[in-house]
């Protein structure tokens, strides 16, 4: 009894209100009750600091070296510094030429405000059409680049073209650094980051299009997405301290919004990410609050993007907004049910059903009330792509023939296998998927999961950031198997995930747990393999691929296109300033950049009117009469027509994908049931007939210039209709 009464008497004494002595003793006792965190020994802190310092140094160095490599390779490939300005500009092909031309226009403008106004009310690019080029072509990178060029005084030190491509190469360096950091965060070792960078550079034919088209929107945008993914990876980690969590959240917010501003298709990629996070919320443990914080970032970025992108309706009708809104609504409707119970499982299923139903309903409702032009041709394209519809439409069939919109070739998988990337990726993915399945089964059976997972547990599938990346890479990979152009988004994360796996002791430990390895201590073996395997891979990659990379930098190539140079020179010297040129969209982009003259069409595929113009102008390669072609061209106020020999005499590698074949199908000049035989037409192919210079073609068109590749015809204003 005495032992039991002791604490009672002590408690009564602490309750005395006026005894300062007792107050002090109570405070001291309260402080003593709180366990003080043990400070790590100095040598442990030094090891952590050294590890972080070396890793950060390696990440930044990798990014800088890659940017320098791209710059050196670009110089060697085009012999860029030894070229005249016109020859340099010709290297920007297709839509890349359009983007760079507007950067030039911004630099020529008397002020930034005037330059922006001229771009948002642009009537000097496409005849009979005023466009908001900033909104339609997402020209925010060009606006930023022009401001930086003038604000930093770079106009006195560096040429505009070098400044422009230098920014893009620098962003690619940031891209590589972000992938490095992501794999480092997941594996716990910067060795994974080094392996990620090695695989990325070796497979750069499939990881980036920077070599072919520098100003592409994805080359500006994807580095920001990589930063967002790195920040999200850190944010989802369970053992993150408060300051690191805040930093990741801020970086994620900034990079999400910037990514959305840089690329018109960014919200579709974020939609896939939101689906991954939604599935993570279902499968993971205690990550719901963090996931919903990311949803708030999406909402904020969409709202701000809508305002600053001239009230872009595409963001309002985007599936991302519908999904996030549905997720927010279902969270408000959720009931507090004890986890692991049968009712909780039923609620999970109902929640999933509600989210899917609400997303579709909200998206349909938004499209009913918000006027939009949300790439209707792309939806039709997907119908034809998956065999749900058949069409003879030129634009649809032309899109289907584009390499980036077809399924990946066998060469793609062969290249990834030769660099050992694909086998290790599949191995890592299978192990992570099986471990995730175990976690899901445990949750369904109501078993409680450990709050902290140690290396000895071998449960890599319980880590939320791993679950997110596995789901995300499966979604991206599924799309990349359908459309080859999406491999440039998927393959970098294949590099990152494969590198993380082979460098992660936890993944090896998970494998050993299944194999029930007992001959050797599994933890020791996992630690050894997580260092030995990536080292062996790195040495083999170095031996096989490093000499090739060095050869690329030492070989001096030369960009040689004298016919196009001669054409642009003739236009600048001989054509009237007010002239309007008609021809293939790709060539029109080059003319806009190199000469500044007005054109009838552009190589852009997000506008229905421009797509219709492209189809009409392409009729110069069809079996149509001179009068038909003349009416089409004059309806767009064209003064000059350029016929390209490469298109007129094209020998296509893919059956039925030549421009003239697609036009014959669209115009009914091919009978597919009779072995693709041409039907009788009283008109020959226009691009051939116009070269012969006989009536009635000479009545409408007068040849004013030609070389081996191009034939330029002046469209006559006064016509003599004689046979």
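Using N, Cα and C of the backbone, Cβ positions are placed for all residues, glycine too.
As annotated in TrEMBL, transmembrane segment covers the listed stretch 161-178 rather than the other ranges in 161-178, 215-232, 233-250, 251-268.
The stretch that TrEMBL tags with transmembrane segment, taken from the ranges 129-150, 349-370, 371-392, 393-414, is 349-370. The transmembrane segment annotation in TrEMBL falls on one of the ranges 99-115, 269-285, 286-302, 558-574, namely 269-285. By the count of Cβ pairs under 8 Å, the stretch nearest in packing to the transmembrane segment (269-285) among 161-178, 184-202, 316-337, 349-370, 466-483 is 466-483. Contact between the transmembrane segment (422-441) and the transmembrane segment (489-511) holds: at least three of their C-beta pairs are under 8 Å, each pair 6 or more apart in sequence. 184-202 is the stretch from 184-202, 466-483, 523-542 with the greatest number of Cβ pairs below 8 Å to the transmembrane segment (489-511).
For the transmembrane segment (184-202), same-chain residues at least 6 beyond its ends with a Cβ under 8 Å from one of its own Cβ atoms are 51, 54-55, 58-59, 62, 66, 69, 176, 230, 233-234, 237, 419, 421, 465-466, 469, 492, 495-496, 498-505, 530-531, 534-535, 537-538, 541-542, 545, 549. Proximity of distant same-chain residues to the transmembrane segment (466-483), defined by a Cβ-Cβ separation under 8 Å and at least 6 residues beyond the stretch ends, is recorded for 186, 232-233, 236, 272-273, 275-277, 279-280, 283-284, 385, 404-408, 429, 432-433, 436, 460, 489-491, 493-494, 496-497. Outside the transmembrane segment (161-178), and at least 6 residues removed from its termini, the chain residues within Cβ reach (under 8 Å) are 59-60, 62-64, 66-67, 70-71, 74, 85, 88-89, 100, 103, 145, 148-149, 154, 197, 200-201, 208, 210, 214-215, 219-220, 222-223, 226-227, 229-230, 492.
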